[in-house]
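J.: Here it is, the structure, as structure tokens.
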Amino acid sequence: MTNGNVTTVNEFFFLGFPGLGGLRFLLFFLILSAYTVTVFLDMMIIILVSTKQSLHSPMYLFLKNFLFSEMCLVTVIVPNMLPNMLHIIWMDGANVSIPGCIIQSYLFVSSGTTECYLLTAMSYDRYLAICKPLHYNTIMGQALQYFLIIFCWMLGFLLTLVTLSFVALLKFCDQHIIDHYFCDLAPFIDIACSDTSGLQIDIFVLSVPSVAIPFLLTVVSYVCISVAILKMPSMGSRKKAFSTCSTHLLVVGMFYGAVLINYFTPVRGHSVAINKLLSVIFTVVTPLFNPIIYSLRNQDMHAAIFSYVRRQK
């Protein structure tokens, strides 16, 4: 649409991964396979946690919600929305409406923010279990469990509404080609022809309650946990205590490592290909490894899986 000498853009064209040629079909099937395995493992763990009495504890209730939010995040990007990663790779680029792009960006950021809060709740649960074992059942009652879960989901999706309102007010002129494979916030800032200072301030301010504070609370929790473990009298008790939180600590490290590398390192000096590779790690690889880690390293999950397999034979 033309307004005077300015052409107003109604849709974007996403390049995806240009220059791959026939290799794009290999990339398509690799990402489709990774997505399928991710959803299968997430659903398997969610069903096990929901049905196995031995897994009916606060830690696994938080884990179930975390994996569901991660499944939402990867589904928003890979197969089920426009622009979706698989469609763009297969077609070697695709046109996407601006409203569809804004909706995808909102759901992606909201799911990621919810994950930050859920990881913090899981860290707090481990802190209580190891540092306050005598008061654990009293403090981490059913009321607190469900309050934390509802709080994580509501805050994750409500905070992002502010960002959505700024994005919805942006205007896009002439430039409509985006060298990416999904609607991240950075492309909006790069190609908008209206003032983006409000959006940039919003992103900076909201990164404090959505990323920085949850990260700091998680770090503080694990510092306290480490001190408590080191004070335990026997090696056996220290090893047992560490085993109850090592899996979660590994997932926390992977998640925040991917977030920091992808969103908080300077992009100058990085090629577009490197930036997209970092995004693939955050949106495809990390969600794949998280359920694998919980499946392989968690003894309770091992027992539940083996019990289910034996029952099926």
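Every residue gets a Cβ built from N, Cα and C, even glycine.
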J.: Between 177-196, 277-296, I'd like to know which one TrEMBL lists as transmembrane segment.
T.: 277-296
J.: For the transmembrane segment (143-170), could you work out the same-chain residues 6 or more beyond its ends whose Cβ comes under 8 Å from its Cβ atoms?
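T.: Here the qualifying positions are 58, 61-62, 65, 69, 102, 105-106, 109-111, 113-118, 121, 124, 185, 188, 192, 194, 196, 198-199, 202-203, 206, 209-210.
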J.: Hey, would you say the transmembrane segment (25-49) packs against the transmembrane segment (277-296), going by three or more CB pairs under 8 A that are 6+ residues apart?
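T.: When sequence-distant Cβ pairs are counted, the transmembrane segment (277-296) touches the transmembrane segment (25-49), since at least 3 lie under 8 Å.
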J.: Taking only the residues in the domain 'G-protein coupled receptors family 1 profile' (41-294), give me the average pLDDT of this model.
T.: 86
